[in-house]
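Quick look at what TrEMBL lists:
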- E64, E94, H97, E182: Fe cation 1 binding site (BINDING)
- E94, E146, E182, H185: Fe cation 2 binding site (BINDING)
Amino acid sequence: MHRAAHTALCDWPQFVRPAMIRQSLRCTGSLQTSSRAYSVIPPPRDREEEEMMHRMLRVDHAGEYGANRIYAGQMAVLGRSRTGPLIQQMWDQEKKHLAKFNEILAENRVRPTALLPLWNLAGFALGASTALLGKEGAMACTVAVEESISEHYNSQIRALMESDPERYTELLQMIKEFRDDEMDHHDTGLEHDAESLPGYWLLKNAIQLGCKAAIYVSQRV
């Protein structure tokens, strides 16, 4: 529990914008060196493309940040249980995703969503509260969230493929890799009895409705 609390404190943001990114980079610095050095964002051709890319990166960063907070909440409750190592393994992958988006936002001067403090609290609360339902509750939350993130990444992949796949080759490669990781987490949740939770479908639909709302506002705020 002390270890999980220390990890959660490290993830706790103090400032929005550049300071928020620096704080997150410090917490994930040890993992950042293992993340591939993508050159993902081509110079924008015009203002319209720049705004499109900023919205895309802003919401992706917010999604990965929220996922990290959810796993932090789950570990605070289940970190010492038999499920702890499995949750930690998925969380470690999410930390790599977040470290990469921190890097991309800083390099391209993309403003993160102003709602990061809200996603910090909401994500941790969601992870902890579903983990209090036991392993099945945590896995049900994982299935719901990772399915929503995967669907969002798929929509971005389709948009980039329709726009100019050669121009966005590296970005597409990164999003596809992260999408595959999220789908692995989704499948892991199903393999570890997520659907056996009483009220699984109700909980899943409620969480996914919240995810859709978070995606919508994070693009714009």
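Note that the numbers count up from 1, one per residue, in the order the chain is shown.
Just so you know, glycine gets a Cβ as well, placed from its N, Cα and C.
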Spatial neighbours of E146 (Fe cation 2 binding site) that are distant in sequence (at least 6 apart) but have CB under 8 A: A67, E182, M183, H185, H186, G189
Check: same-chain CB within 8 A of Fe cation 1 site center, minus E64, E94, H97, E182: G63, A67, N68, Q93, K96, L98, I149, F178, D181
Count of other CB atoms lying within 10 Å of the CB belonging to E182 (Fe cation 1 binding site): 27
Which same-chain residues, if any, lie at least 6 apart from H97 (Fe cation 1 binding site) yet have Cβ under 8 Å of it: E64, A67, F178, D181
Neighbours of E94, E146, E182, H185 excl. site residues, C-beta within 8 Å of centre, Fe cation 2: A67, M90, Q93, T142, V145, I149, S150, D181, M183, D184, H186
Among E64, E94 [binding-site residues], residue with fewest other Cβ within 10 Å: E64
For H185 (Fe cation 2 binding site), the number of other Cβ atoms found within 10 Å of its own Cβ: 26
